[in-house]
Amino acid sequence: MKAESSSMAEWHASEGLRQRYALDEAKQGDASRKESVQDELTDTKDDPAAEAMGGSPSMVLGRTPDGRLFHVIDTPDMVTSIFRLDRPKAPLDILTLVLLLWQVCLFCVLPRKQAQVFFAVYFAFWRIMYNVGLGYVLTKQSRSRWIVRMLDSSGWLDACKNPRMHAWVQYHFKTKLGASSQRIAAAPIDFQAWILFRSVVDVILLNDVTAYAFFALSNIQGLGEHGVLLFVIRWLLGLLLLAFNAWVKLDAHRVVKDYAWYWGDCFFLCLQKLKFDGVYEVAPDPMYSIGYIGYYGLSLLTGSYAVLYVSLAAHASQLLFLVLFENPHMDRVYGERVPIAARVSERRPSDVPPATGVQRSREEIRTPQLAGAASAANGSYATSERGTAAVPSPPCTNVHDLHHRLFRNDNVVLSHIDLFRSSDFLLVLCLIYALSPLVLTRCGPRALLLFATIHAVAWRLFHSFGLGFALRWQSEERWIVHHFLKHYHFADGQAAVTESFSHWKTIYNTSLIMTYVSFALLAIRSYTSWTDNIYRLRYVLGVLLILVHMWSARSSYRVLGPFGWLYGDFFIDAYPKRLSYTGIYRFLNNPERSMGSAAFFGMALLSGSLTATVVAQLAHLSHWWFLGCVEGPHMRRLYGADVRQDSGVTKQLRQLCQSQWLRAAQPSIEELQGILQRAQGVVRQLLEQSRPRLERLADDTCALLQQKAEHVLTMHTGDSVQQIDQAKYRVTPVASPHTHEQRFHVGEPIIVQWMAAENHSRRDWIGLYAVNALDAHPDEHHGSLLVTRTTSRGKWLGVAEDEWEGHVHVGLTQSPLGTHGVSSVDTDTHQVSGVSVFQGSRLPWAAPGTYELRYHHDNTHYVLAKSERFTIYADSPEDPYSFDETFMILSKILRYALVEAPSTTSAAAHEYESADKADLTLWTQDQAQHIRDGIWSAFHVDFTKDVVIASANTTLLTRDILMARQLLSR
């Protein structure tokens with residue numbers, strides 16, 4: 001249901017079914033806000049509209065979604081209208097009584113076993129009718145007045161359209177309301193629809209509770225095996241719970257009356273002063289929590305586990321009704337609009353320097369800390385590395401900044417897991433190892449050996465290839481740093497580099513340790529008793545290989561230090577880097593190539609296992625790949641000619657190769673080297689080509705899934721389609737007021753003028769298509785008509801936009817055609833014209849390019865008209881490191897993305913007004929997504945919505961863009 005701004009100003013409530021209790025007068029805003037209503041609601045005593053309507057002060061006013069005020073007619077309660085014999089019965093009341101009497105007769109006639117099965121099924125039917133049926137219908141009514149529009153379209157309330165049903169409805173009103181029915185004709189259709197709806201609710205509710213009661217009675221047990229004392233206690237508690245449940249229901253109805261009991265706020269708003277006491281002071285959501293405690297009272301009385309299980313299921317379904325329908329409905333009708341991000345700065349006048357240059361901030365101009373030499377918050381001056389325009393310092397810290405500095409998508413239980421963060425990586429690792437004993441304790445020796453083998457191989461593959469590819473992409477395109485820049489907000493660029501390197505160090509060290517530990521466990525698990533004659537030699541060689549490996553690793557660390565050992569030169573540019581051929585590197589260029597796997601072969605010799613030997617060979621080959629394809633290219637890229645070609649050992653071997661007895665083998669060796677180099681090149685090329693193909697495959701898969709969710713192609717044949725006069729159809733984008741041509745900036749609303757035959761389908765729609773997508777999926781011809789064979793990816797509008805709910809055409813509102821703008825009818829040419837506006841989520845924010853509009857027939861993909869192709873573009877700065885240019889382009893994107901939603905009240909917007917003009921208030925996730933996509937289109941910097949929300953300031957976002965471009969420009 002669409003609530004008007006005036007209604008929102010008078011009403012503030014939140015989640016709950018048929019209960020509305022008071023908000024705190026100080027408006028301290030409890031986050032739960034369930035089943036609450038403002039204490040000081042507008043009463044007719046103080047409402048001038050009531051006096052203008054000439055009503056009595058005691059009468060209650062109602063307001064329809066379109067703003068119409070009316071006097072709410074008193075209605076009889078359910079017990080009075082249905083069960084009092086002296087009251088006339090409406091047709092639906094008679095149906096209710098017949099169904100209830102039928103249940104009584106069946107309970108008396110059916111054998112006990114059959115009664116148990118029947119009433120279990122019968123209760124499930126009515127419970128589904130309640131939770132699923134009413135939930136679905138009420139959701140549609142809450143969102144789009146579906147019930148009201150159905151009654152209006154069917155003519156049940158119009159004597160001219162449907163006289164028979166109109167007479168039946170009037171008879172129902174007269175019987176149900178008695179003398180008050182004389183005023184029903186003056187009541188709005190929303191109120192009349194509610195009166196009919198509550199009669200249907202009575203049928204469902206009474207049959208639901210009666211079926212449950214008979215199901216419980218059919219399962220009642222006697223004393224059983226527990227004795228008289230427990231039986232008496234069980235019955236006393238059960239009766240007490242039933243009595244308490246009855247009080248909850250009666251007291252709740254006393255407070256909220258029939259209006260909230262029958263979800264009247266789905267139809268209209270009732271303006272009256274309510275005092276929420278009694279049961280509403282006992283528990284939250286009383287109609288959902290303690291309001292169903294009678295289920296457990298009957299379970300105690302019957303002593304049946306079947307009744308208990310059915311009661312739990314029924315109560316759970318009612319809670320789902322609360323979560324899926326009632327809470328969203330209350331948010332729509334009563335919920336205060338709260339932004340997802342609001343950066344509100346408060347400053348003293350003395351803190352505000354004179355405005356200079358572009359009016360983007362009230363702070364003095366400073367130079368950005370893009371080089372990362374000093375913190376952006378220390379207020380010092382520095383010169384930009386690129387010599388660009390001066391950049392204002394970030395605004396002062398406020399609650400928004402403090403929150404996003406302390407909490408950055410931190411992992412809570414298992415939410416927001418990011419395996420690039422070492423803490424999350426270790427958490428997942430701990431969970432896996434904590435759960436593994438559940439499997440291992442039931443495994444035999446062979447299974448344990450298999451597990452140890454898989455365990456060792458998995459760690460080796462992860463260490464060499466998983467971390468290897470990550471390091472390779474980090475070297476080529478700063479992949480790891482880009483991940484942190486994309487997902488987290490940083491005060492300066494060096495903070496992003498430092499944090500990414502910090503997490504890398506922990507993950508790499510953990511992986512390195514686990515690689516050796518997992519292989520050692522495999523060697524122990526696969527150990528076999530030595531029975532050959534050379535076991536002493538194997539023992540000595542194995543220990544020597546392990547000691548050689550330890551000496552080699554220790555010697556390498558002494559030369560490399562922690563920076564080189566942990567591959568710091570892949571991350572940190574400012575750290576002094578130089579090649580030092582001392583220590584073990586005096587003799588070997590890369591000791592790991594020859595001795596990096598010695599420990600694995602040593603442990604394999606000690607175990608005497610073929611399995612361990614094979615895994616050791618795999619480890620050695622994997623590490624060779626890492627050194628050749630990851631570390632080697634990076635060293636050549638970073639140090640160039642400083643990389644030594646020949647080590648001391650290599651020089652001596654080369655001299656040995658000059659001897660005559662080895663010259664004969666030289667051609668074969670050179671040929672083998674050439675083959676290995678070519679094979680390495682082929683593997684490297686394959687890896688480079690596979691990555692973009694996998695990315696395209698993922699994009700195509702996402703596009704296909706989205707296409708399935710859109711319009712299904714409906715292939716009509718016959719004269720009804722072929723005889724359409726396409727000359728009467730036209731669709732044209734109106735030129736942009738900024739460029740004065742059909743050329744639109746990303747995010748700029750596109751006004752579309754369309755023309756159609758007067759008798760065209762109300763299900764016609766207009767799609768916005770990228771030309772490259774149309775070229776990739778050529779159109780299909782069906783007679784004289786084109787059929788679009790690609791998806792609009794959600795970029796479409798119905799010509800009668802208000803008649804659509806998602807992708808489903810409701811087709812009930814007979815309003816003038818057109819959505820935004822005025823439609824007109826040309827009686828001479830028998831054509832109708834209108835205006836539609838593509839804006840917000842209907843625009844391609846992340847994909848500027850050449851586009852085309854297509855007018856489609858009757859909810860199909862038949863093309864009746866096409867527009868001329870036009871351009872959607874995004875400005876880009878001439879100097880990619882200019883603050884002023886970036887700021888101006890970003891401001892344009894923000895202006896389009898932050899167009900205030902229709903439901904945003906001026907009072908809510910004023911509450912989050914900031915002293916800093918650069919501060920942003922984001923109301924929806926869509927706005928953050930549009931800003932993110934616009935930044936990608938204009939600057940080719942990839943952020944997530946979380947970064948946009950964390951910044952919430954034009955100056956900070958500009959800094960983030962410049963920082964990311966500089967860090968990733970390498």
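From the backbone N, Cα and C atoms, a Cβ is placed for every residue, glycine too.
Swiss-Prot assigns Glu225 and Asp265 to topological domains bearing different names, which places them on different sides of the membrane. According to DSSP, the secondary structure content of the topological domain 'Lumenal' (138-199) in residues is 51 helix, 0 strand, 11 coil.
Counting Cβ pairs under 8 Å that are 6 or more residues apart, the transmembrane segment (595-615) and the transmembrane segment (117-137) reach fewer than 3 and are not in contact. Tertiary neighbourhood of the transmembrane segment (200-220): same-chain residues 78, 82, 92-93, 95-96, 99-100, 103-104, 106-107, 112, 115-116, 119-120, 122-123, 125-127, 129-130, 133-134, 262, 295, 298-299, 301-304, 306-307, 310, 314, selected by CB-CB distance under 8 Å and a gap of 6+ residues from either end. Most Cβ pairs under 8 Å to the transmembrane segment (305-325), among the stretches 117-137, 228-248, 425-445, 504-524, 534-553, belong to 117-137. Residues in the topological domain 'Lumenal' (468-503) partition by DSSP class (helix H, G, I; strand E, B; coil) as 30 helix, 0 strand, 6 coil. Within its own chain, the topological domain 'Cytoplasmic' (221-227) has Cβ neighbours under 8 Å at 302-304, counting only residues six or more beyond its boundaries.
Here the topological domain 'Lumenal' (468-503) has long-range neighbours at 369-370, 372, 375-377, 394, 404, 408-409, 418, 420-422, 425, 567-568, 570-572, 574, 625-626, 629-631, 633-634, 637, 942-944, 946-947, 950-951, 956, 959-960, 963-964, 966-968, 970, meaning same-chain residues at least 6 beyond its ends whose C-beta is under 8 angstroms from one of its own.
Broken down by DSSP into helix, strand and coil, the topological domain 'Lumenal' (249-281) contains 20 helix, 3 strand, 10 coil.
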